[in-house]
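Listed features, source TrEMBL:
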- 13-170: domain 'Fructose-1-6-bisphosphatase class I N-terminal' (DOMAIN)
- GLU84, ASP103, LEU105: Mg(2+) 1 binding site (BINDING)
- ASP103, ASP106, GLU261: Mg(2+) 2 binding site (BINDING)
- ASP106, GLY107, SER108, SER109, ASN189: substrate binding site (BINDING)
- 179-313: domain 'Fructose-1-6-bisphosphatase class 1 C-terminal' (DOMAIN)
Amino acid sequence: MTDLAQWLATQTQDIQLSGVIQSMAAAGRDIAAVLRQAPIAGQTGLAGQTNVQGEAQKALDIISNDIVLNHLQQNSAVSVLISEELDEARPLAADGPFIVATDPLDGSSNLDVNVTVGTIFSVLRTEGGLLQKGTEQVAAGYVAYGPATSLVVRIAGDTTVFALDRAGGWVMTLAAAKVPEASGEYAINAARERFWDAATRAYVRENVAGETGGAAKRYNMRWVGSMVADIHRILMRGGIFLYPLDSETVSKGGRLRLLYEANPMAWLMEGAGGTSTTGRQRILDVEPNDIHQRVPVILGSLEEVRRIEAFYQRQ
Ligand code: AHG
Ligand code: MN
Ligand code: MN
Ligand code: MN
């Protein structure tokens, strides 16, 4: 059995980088413990505050953010924390070589119904500044709080999966995730159809037509509503996730956030042989202009991402 520390030693010589990933893994372990106890501790419902995105924060959004912040404050390798729940980037250790960007709790609308949620993180070098393309990431990962608690992490090599054991350790369960190239599963919030662009409409129309349509095979649709849960399913068995640009989100640039949702997930997906696009360009090549910038997100199995890209090219 390989644990997280042993795996990290095979992936990087940089002890400080390993330490940053260990801090995020420790935050994930602590958040898992809080989530398990939350209904009993009364940590449910809204916090009564709004974040910079205009979303009503859940109590657990704030608690999770505080847990991540506390762990990173104790790590002298981290210079800045960017978080969905922090309006501004938070300066930490002055000489820390790394920046962490996080979605401390993803899928918070699923919290009170006991459906899988997660924590997403991206690691960048301090010298590159706050606004760096996804290609500049040095590591990324997420924790999925489901029936088991999973940690999925990638430095530059394989995308690797760990499970949290009862003693609080991380045990490797899959050394190298491989997203199947082909898949018949897609994930999109279909209630937004009236806002979709022509490419998304055409792609989904073919999928719904199944073996009688242009795609010539049968499709299934799955939408958990937690990006972490939807992406974890796709990472493990293939599929495609779409939160495309649509007429309602176009003024904001999309729905999901580039620095702490799209980029880390694209980094992990590419490490597993999958791919990512906004429809028009690779997500990892998007130049950020704001720490909370939003972006259209399409990721997953190669064949499916290529299919929808072809619709965008025809548009
Ligand atoms: P968050 O809870 O961190 O704000 O993110 C929610 C995101 C993401 O997890 C999910 O894919 C998407 O919102 C769900 O959107 P819909 O409400 O349109 O289903
Ligand atoms: Mn939110
Ligand atoms: Mn999120
Ligand atoms: Mn969140």
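Note: Cβ is positioned from N, Cα and C throughout, glycine not excepted.
Apart from GLU84, ASP103, LEU105, the Mg(2+) 1 site neighbourhood in this chain, defined by C-beta within 8 angstroms of the site C-beta centre, holds ASP61, SER64, ASN65, SER83, GLU85, THR102, PRO104, ASP106, SER108, THR119, ILE120, TYR260, GLU261. Secondary structure at LEU105 (Mg(2+) 1 binding site), as computed by DSSP, is strand. Ranked by Cα separation from GLU261 (Mg(2+) 2 binding site), the binding-site residues GLU84, ASP103, GLY107, SER108, SER109 are led by ASP103. Other residues of the same chain near the substrate site, with their Cβ within 8 Å of the Cβ centroid of ASP106, GLY107, SER108, SER109, ASN189, are ASN110, VAL117, GLY225, SER226, MET227.
In the domain 'Fructose-1-6-bisphosphatase class 1 C-terminal' (179-313), the DSSP tally of helix, strand and coil residues is 64 helix, 20 strand, 51 coil. Considering other CB atoms within 10 Å as the measure, the emptiest surroundings among the binding-site residues GLU84, ASP103 are those of GLU84. Between the alpha carbons (Cα) of ASP106 (Mg(2+) 2 binding site) and ASN189 (substrate binding site) lies a span of roughly 16 Å. Checked against ligand 4, the binding-site residues GLY107, SER109, ASN189 give no residue with a Cβ less than 6 Å away from one of its atoms. Look at the Cβ of each of the binding-site residues SER108, ASN189 and count the other Cβ atoms within 10 Å; the largest number goes with SER108. The two recorded residues SER108 (substrate binding site) and GLU84 (Mg(2+) 1 binding site) have their Cα atoms spaced 12 Å from each other.
Taken together, the residues in the domain 'Fructose-1-6-bisphosphatase class I N-terminal' (13-170) have a mean pLDDT of 97 on the 0 to 100 scale. When the alpha carbons of ASN189 (substrate binding site) and ASP103 (Mg(2+) 1 binding site) are compared, the span between them is 20 angstrom. Within 8 Å of the centroid of the Cβ atoms of ASP103, ASP106, GLU261, where the record puts Mg(2+) 2, the same chain has further Cβ atoms from GLU84, THR102, GLY107, GLY118, THR119, ILE120, TYR142, MET227, VAL228, LEU256, ARG257, TYR260. Taking ASP103, ASN189, GLU261 as the candidate binding-site residues, the subset whose CB lies under 6 angstroms from any atom of ligand 1 consists of ASP103, ASN189.
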